[in-house]
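Record features, source TrEMBL:
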ACT_SITE  GLU63  active site, proton acceptor
BINDING   GLU63  substrate binding site
BINDING   GLU70  divalent metal cation binding site
BINDING   GLU70, GLU79, ARG80, HIS81, LYS88, ASP89  ATP binding site
TRANSMEM  25-43  transmembrane segment
TRANSMEM  90-115  transmembrane segment
Amino acid sequence: MGKFLRSVAVALSGIRFAIRTQRHMQIHCVAAILVIGLGLMLSLSFVEWAILVFAVALVISLELVNTAIEQAVDLASPERHPIAKAAKDTAAGAVLAATFGAIAIGVIIIGPPLWRLLFAL
């Protein structure tokens, strides 16, 4: 296996670890599947898809970074420490901020066509 394929395999292993062990990653993945399903159902434009994919990828990427930070901090500082707490809380805050942004983007892009679909019946 070439270097590139080994790198991809290692990265996929990290993603699998996060999905298996992190409840919030599981929630983000379910939300991503729902957003993709709604997007397909609502025939979104290319630009709308690009924005949604970026928002979903940002949240999932930050959740992966958060998981990596949590794992590294737990290894380096198994006991409670205010700096360890600050590192973990800040990483979680980044995920939360991106999640709020992604929700806003989803409401802006998916909301109007979904509203029309639901109330056109």
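Each Cβ is built from the backbone N, Cα and C atoms, and glycine gets one as well.
Candidate recorded positions: GLU63, ARG80, HIS81, LYS88. Nearest to GLU70 (divalent metal cation binding site) by Cα distance: LYS88. Fewest Cβ neighbours within 10 Å among the binding-site residues ARG80, HIS81, LYS88: this applies to ARG80. If you take the Cα of LYS88 (ATP binding site) and the Cα of the residue listed as 'active site, proton acceptor', they are about 12 angstrom apart, rounded to a whole number.
If you count neighbouring Cβ atoms within 10 Å for each of the recorded positions GLU63, GLU70, GLU79, ASP89, the highest count belongs to GLU63. The residue listed as 'divalent metal cation binding site' carries a helical DSSP state (H, G or I).
If you compare every pair of Cα atoms in GLU70, GLU79, ARG80, HIS81, LYS88, ASP89, the residues listed for ATP, the longest distance is 16 angstrom. Cα distances from the residue listed as 'active site, proton acceptor' to the binding-site residues GLU79, ARG80, HIS81, ASP89 are smallest for ASP89.
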